[in-house]
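Below: the structure, in structure tokens.
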Amino acid sequence: MGAPRISHSLALLLCCSVLSSVYALVDADDVITKEEQIILLRNAQAQCEQRLKEVLRVPELAESAKDWMSRSAKTKKEKPAEKLYSQAEESREVSDRSRLQDGFCLPEWDNIVCWPAGVPGKVVAVPCPDYIYDFNHKGRAYRRCDSNGSWELVPGNNRTWANYSECVKFLTNETREREVFDRLGMIYTVGYSISLGSLTVAVLILGYFRRLHCTRNYIHMHLFVSFMLRAVSIFIKDAVLYSGVSTDEIERITEEELRAFTEPPPADKAGFVGCRVAVTVFLYFLTTNYYWILVEGLYLHSLIFMAFFSEKKYLWGFTLFGWGLPAVFVAVWVTVRATLANTECWDLSSGNKKWIIQVPILAAIVVNFILFINIIRVLATKLRETNAGRCDTRQQYRKLLKSTLVLMPLFGVHYIVFMATPYTEVSGILWQVQMHYEMLFNSFQGFFVAIIYCFCNGEVQAEIKKSWSRWTLALDFKRKARSGSSTYSYGPMVSHTSVTNVGPRGGLALSLSPRLAPGAGASANGHHQLPGYVKHGSISENSLPSSGPEPGTKDDGYLNGSGLYEPMVGEQPPPLLEEERETVM
């Protein structure tokens with residue numbers, strides 16, 4: 001009774017998490033790029049210029065610093081100003097009660113912040129804008145309005161003075177954000193590289209050995225290739241999007257460079273073609289990876305719950321589903337972006353248009369999770385039936401846990417964990433935990449899948465052992481041939497005989513040849529007439545001992561010995577299920 005209760009409770013808990021986080025996952029913007037930052041700055045500039053026109057047209061409008069900033073940016077939690085700017089609070093109070101009058105510093109846009117009107121002789125403080133993603137949103141930017149009613153200039157430079165030191169703390173080496181980003185980049189780069197290498201070896205192994213060519217391994221190969229293409233597309237996208245400046249250059253960004261982001265875009269948009277292609281390819285392979293994970297779940301679920309299952313018939317359907325359906329979603333997204341939001345590089349979220357890609361991915365995750373829960377339910381029920389009357393419940397729970405852990409990488413269950421907690425700021429312990437978790441599991445998932453479903457597969461290990469035995473025996477034969485001797489095998493025994501001493505053994509050869517050699521043209525060497533004789537260099541598969549169970553033979557249990565598909569007394573297990581045993585062993 002314990003195992004079913006555990007599985008039902010787990011299903012209820014995680015299903016509630018999925019349902020409560022549908023909108024959160026789809027609406028979350030995980031990454032912001034340079035192009036998106038430029039768009040956000042230009043949008044803020046347009047809003048600010050609109051407000052400036054209204055104020056200049058109707059000077060009687062009351063404009064406080066707080067109300068002014070709320071028009072162009074979401075005000076964050078205020079942080080106490082430094083002692084140097086103790087007059088800033090008084091300036092805001094005066095500004096709140098004042099109207100735009102003669103002698104006041106005019107409101108303006110400095111390509112970073114929309115500044116309100118300034119009181120002569122006072123310091124104006126505004127929150128660091130949240131539309132600049134990497135700013136410290138708890139800090140403030142400062143300007144001083146001199147007694148003449150004009151903004152204070154930088155000495156020796158015809159430029160308005162402004163202090164953004166609290167906003168640009170992310171640009172210094174004194175903060176830990178730089179270390180966090182470097183560590184995250186290293187994690188996913190190493191993870192995708194290891195996954196790419198291991199998956200390449202796994203695909204070569206499954207494709208090289210003909211005895212491993214079957215429907216389930218074909219599906220495994222498609223899944224491996226989807227992980228490989230996802231990793232390659234991520235590397236290409238990063239190279240195209242983030243190759244403009246290096247990390248050291250980013251740390252030396254100045255206010256002038258931030259202001260330069262709002263310059264008009266170039267008239268020629270051909271430079272964005274490569275970026276758009278890279279983003280489109282990345283989104284396609286990302287979607288295909290999720291759908292091939294779903295195909296694995298559908299295939300295993302079909303073997304368990306369908307009495308008649310034609311593997312060859314469904315293989316073509318699975319292939320079209322895994323590679324074709326994502327192409328439809330991506331094609332629709334490309335069409336919408338090209339017609340309705342053809343701006344800059346297409347890595348921008350562009351509002352609700354991102355639902356075209358994210359909703360199908362979310363649907364694949366939810367459906368695969370439901371299949372996973374259903375299979376675990378059947379596994380728990382089978383364990384209860386096979387262990388009826390036994391008192392060892394620890395072993396039962398151990399088998400259930402082991403089988404669950406094996407299935408989790410295949411079904412992508414780890415995607416569910418942080419679906420309900422999308423991050424909105426690049427800060428905080430929760431954000432760091434979430435990012436490390438996602439980067440670790442997403443990048444290493446391909447490696448885990450290759451280990452479990454290829455390198456730890458019994459059939460794969462048996463074929464590798466056979467191939468290794470053939471190669472070593474052939475190499476040994478060639479070495480002996482060069483040294484002038486031959487090696488012979490008599491069943492389990494091996495004899496090394498010098499070529500000069502080899503000759504016909506009359507009595508033995510004559511007595512064995514009528515029974516073992518059908519023709520009179522038998523070799524003069526008596527070794528050819530002995531039972532079990534195999535000469536090195538000509539080893540056949542039948543001469544080697546069996547290295548593992550064949551697909552149709554009975555094993556000790558399915559799903560790592562859990563006994564999910566152990567037949568009842570007098571019951572013959574379906575051949576497809578017996579063949580599928582090695583998938584999760």
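Backbone N, Cα and C define each Cβ position, glycine as well.
Noted in Swiss-Prot for the protein shown:
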DISULFID  Cys48-Cys114  disulfide bond
DISULFID  Cys105-Cys145  disulfide bond
DISULFID  Cys128-Cys167  disulfide bond
CARBOHYD  Asn148  N-linked glycosylation site
CARBOHYD  Asn158  N-linked glycosylation site
CARBOHYD  Asn163  N-linked glycosylation site
CARBOHYD  Asn173  N-linked glycosylation site
REGION    69-90  region 'Disordered'
REGION    531-585  region 'Disordered'
MOTIF     468-471  motif 'Important for interaction with G proteins'
SIGNAL    1-26  signal peptide
TOPO_DOM  27-185  topological domain 'Extracellular'
TOPO_DOM  210-216  topological domain 'Cytoplasmic'
TOPO_DOM  237-276  topological domain 'Extracellular'
TOPO_DOM  301-314  topological domain 'Cytoplasmic'
TOPO_DOM  337-355  topological domain 'Extracellular'
TOPO_DOM  377-403  topological domain 'Cytoplasmic'
TOPO_DOM  423-434  topological domain 'Extracellular'
TOPO_DOM  458-585  topological domain 'Cytoplasmic'
TRANSMEM  186-209  transmembrane segment
TRANSMEM  217-236  transmembrane segment
TRANSMEM  277-300  transmembrane segment
TRANSMEM  315-336  transmembrane segment
TRANSMEM  356-376  transmembrane segment
TRANSMEM  404-422  transmembrane segment
TRANSMEM  435-457  transmembrane segment
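Under the criterion of 3 or more C-beta pairs below 8 Å, with sequence separation of 6 or more, the transmembrane segment (315-336) and the transmembrane segment (217-236) qualify as touching.
When each of the listed stretches 217-236, 277-300, 356-376 is scored by C-beta pairs under 8 angstroms to the transmembrane segment (435-457), 217-236 comes out highest.
Each of the glycosylation sites Asn148, Asn158, Asn163 was scored by how many other Cβ atoms lie within 10 Å of its Cβ, and the smallest score goes to Asn158. Confidence across the topological domain 'Extracellular' (337-355), taken as the mean pLDDT and rounded to a whole number, stands at 75. The subset of disulfide-bonded residues (Cys105, Cys114, Cys167) lying with their Cα within 10 Å of the Cα of Asn148 (N-linked glycosylation site) consists of Cys105, given in sequence order. Summarising the environment of Cys128 (disulfide bond), the number of other Cβ atoms within 10 Å of its Cβ, over all protein chains shown, is 22. Here the CA atom of Asn158 (N-linked glycosylation site) lies 20 Å from the CA atom of Cys114 (disulfide bond). Looking only at Cα atoms, Asn163 (N-linked glycosylation site) sits nearest to Cys128 among the disulfide-bonded residues Cys48, Cys105, Cys128, Cys145. The two recorded residues, Cys105 (disulfide bond) and Asn158 (N-linked glycosylation site), show a Cα separation of 17 Å. Secondary structure of the motif 'Important for interaction with G proteins' (468-471), assigned with DSSP and counted as helix (H, G, I), strand (E, B) and coil, comes to 4 helix, 0 strand, 0 coil.
Of all Cβ atoms in the protein chains displayed, 23 besides its own lie within 10 Å of the Cβ of Cys105 (disulfide bond). Nearest by CA distance to Cys128 (disulfide bond), out of the recorded positions Cys48, Cys145, Asn158, is Cys48.
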